[in-house]
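Okay, so here's the structure we're looking at.
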């Protein structure tokens, strides 16, 4: 098996697993902060366990100190992006937040230019224009209060998520597993004042499956695939989540998929896909 095929398989499995996260959020009936509390706790515990296995307890301190500032900032960005995403799904359903999240590569490039003054290909700005049109089409018929709040939270999630990748690209010594465990801890700490323990046993089991297995496994698989794929190729595969997650929501939870959502999402996904292919060709 070639390195490319190996990376492709790892990335597809990782993204497919990740696509079940938003349906799980919608399925759980507990409040957003109850979800955040348990998810943060389970994510923190599972990531620490993984860190102990792969880094060894004696080395964790030194791995953290190798770039403590970068690790803390990455954990904060990850924790906030997850909080915003969970509440975006609670308010606006699965499709809208996931589709808007697919525009993260464009935000990464824009933030890179603003913060680190890196050159940005013209294709990014062209794609951003069409993505904006797609977002307007998606949002236009959803002008109720919940959807508007969901859109705002989705954009905050995209900005936080993009900032995470910008930070990781700038801080090469940051341990991904420590950043993930730190993100879980951030979620846990922020949710503590608002935690009501209204979650049922089935809710807790669902969150445990996501926090202990799905999220860590998907991130590890995607992280491993980055060893064999260039970022543009990985970004193209990641778009698969924007297709699968709404599909799972439709099949398992009966979420409506309107014609405007399909049209707007198609414009967004095609724009990002074309931009990613252009970048991939320039990278080879």
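The count begins at 1 with the first shown residue.
Cβ coordinates come from backbone N, Cα and C, glycine included.
Curation plays no part in TrEMBL annotations; they are all automatic predictions.
Distant neighbours of the transmembrane segment (36-55): 63, 79, 82-83, 86, 175, 177-178, 180-181, 183-192, 195, 199, 203-204, 207-208, 210-213, 215-216, 220; these residues of the same chain sit at least 6 beyond its ends, with a Cβ under 8 Å from one of its Cβ atoms. For 36-55 (among others), the entry in TrEMBL reads transmembrane segment.
If you look up TrEMBL, you'll see 62-85 (among others) marked as transmembrane segment. Using a Cβ-Cβ cut-off under 8 Å and counting only residues 6 or more beyond its ends in the same chain, the transmembrane segment (62-85) has close neighbours at 22, 25, 36, 39-40, 55, 97, 101, 153-154, 156-157, 160-161, 163-164, 167-168, 170-171, 173-175, 178-187, 190-191.
Annotation comment: TrEMBL describes 91-111 (among others) as transmembrane segment.
As annotated by TrEMBL, transmembrane segment applies to 123-140 (among others).
According to TrEMBL, the feature transmembrane segment maps to 146-170 (among others). Sequence-distant contacts of the transmembrane segment (146-170) (same chain, at least 6 residues past either end, Cβ-Cβ under 8 Å): 70, 73-74, 77-78, 80-81, 84-85, 87-89, 91-93, 96-97, 100-101, 103-104, 107-108, 110-112, 115-116, 139, 176, 179.
Feature annotation from TrEMBL assigns transmembrane segment to 177-195 (among others).
Listed by sequence, the residues of this chain that lie at least six past the ends of the transmembrane segment (201-222) yet keep a Cβ under 8 A from its Cβ atoms are 10-11, 13-15, 17-18, 20-21, 24, 27-30, 34-35, 38-43, 45-47, 50, 176, 180, 184, 234, 238. Sequence annotations record features per position, and here TrEMBL assigns transmembrane segment to 201-222 (among others).
Here TrEMBL flags 234-254 (among others) as transmembrane segment.
Annotation comment: TrEMBL describes 260-280 (among others) as transmembrane segment.
Remote same-chain partners of the transmembrane segment (260-280), defined as residues 6 or more beyond its termini with a Cβ less than 8 Å from a stretch Cβ, comprise 95-96, 99, 102-103, 105-106, 121, 123-124, 126-127, 130-131, 133-141, 230, 232-233, 235-236, 239, 242-243, 246. Tertiary neighbourhood of the transmembrane segment (234-254): same-chain residues 7-8, 11-12, 15-16, 18-23, 26-27, 93-95, 98-99, 101-102, 105, 222, 225-226, 261, 265, 268-269, 272-273, 276-277, 279-280, selected by CB-CB distance under 8 Å and a gap of 6+ residues from either end.
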